[in-house]
Amino acid sequence: MKIIRAKDYNDLSRKAANIISAQVILKPNCVLGLATGGSPVGTYAQLVDWYNKGDLDFSEVTTVNLDEYRGLPRTHDQSYWYFMQKNLFEHVNVRPDAVHVPDGSNPDAEAACKAYDQIIHDLGGIDLQLLGIGPDGHIGFNEPADHFPLGTHCVDLTESTIEANKRFFGGNADLVPKQAYTMGVGTIMQARKVLMVANGKGKAEIIKQAFFGPVTPEVPASILQMHPDFTLVGDEEALSLI
Ligand code: F6R
């Protein structure tokens, strides 16, 4: 496990974008696993900036996102598909048919999850997986549990995640979908590189628990301690307890 200390959110975003750029430059046809949420927004903005300056080319890149709300169509402004279009895909030259997000509009959970695992399998796995971390230690939508789920599956969101995400639904928890399709912890662990971004005081306690406490499915991110190529980039606040 490597820990990179950044001064602030801007510095964190540049450092994380640097690692992703290195991946794209070294392997132009790489498979990038991507995340939504607040943490990676600055990273995506930095990648777009470097793309606009001509320093990055996404024409051969394929992407697979971690998760999607079940029941939200792609066009919904809170779907993760939409988030990715607005924050990255619309601004760079990634091919529209090379971007993948679980199909939240498919009500058949088993079929939707199986199809997503097949996509990742057919791509030969993920070269670099970008992650955030939830306040309860979740990665993707893998919430605290008594085991580490392997493949893509349908989850019930916990109260804590619904609370954390209601800010994106006008502050109304009733509007937050109650289920999601998420890549499993097994798939994340099979990524050849894993990069986590964490910022702010709110992440300090869970960062300490996840990476300096026991490896347990009660803190899903803790399993990353066992990943052979895991890098955490955090700002001073997020790393203040370690
Ligand atoms: C997003 C995802 C989530 C977030 C986590 C942190 O695709 O899978 O695990 O990474 O909830 O969210 P933020 O970055 O908003 O604190």
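Just so you know, the numbers here start at 1 and follow the chain as drawn.
Every residue gets a Cβ built from N, Cα and C, even glycine.
Taken from TrEMBL as is:
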- ASP67: active site, proton acceptor (ACT_SITE)
- ASP136: active site, for ring-opening step (ACT_SITE)
- HIS138: active site, proton acceptor (ACT_SITE)
- GLU143: active site, for ring-opening step (ACT_SITE)
- 14-225: domain 'Glucosamine/galactosamine-6-phosphate isomerase' (DOMAIN)
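The Cβ of HIS138 (active site, proton acceptor) lies under 8 Å from the Cβ of PRO144, THR158, THR161, PRO220, ALA221, each of which sits 6+ residues away along the same chain. Screening the active-site residues ASP67, ASP136, GLU143 for a C-beta under 6 A from any atom of ligand 1 leaves ASP67.
Under the DSSP three-state reduction, ASP67 (active site, proton acceptor) is assigned to strand. Counting only same-chain residues at least 6 apart in sequence, those with a Cβ under 8 Å from the Cβ of GLU143 (active site, for ring-opening step) are GLY134, ASP136, VAL155, LEU157, THR158, THR161, PRO220. The most densely surrounded of the active-site residues ASP67, ASP136 is ASP67 (count of other Cβ atoms within 10 A of its Cβ). DSSP assigns ASP136 (active site, for ring-opening step) to coil in the three-state reduction, placing it in neither a helix nor a strand.
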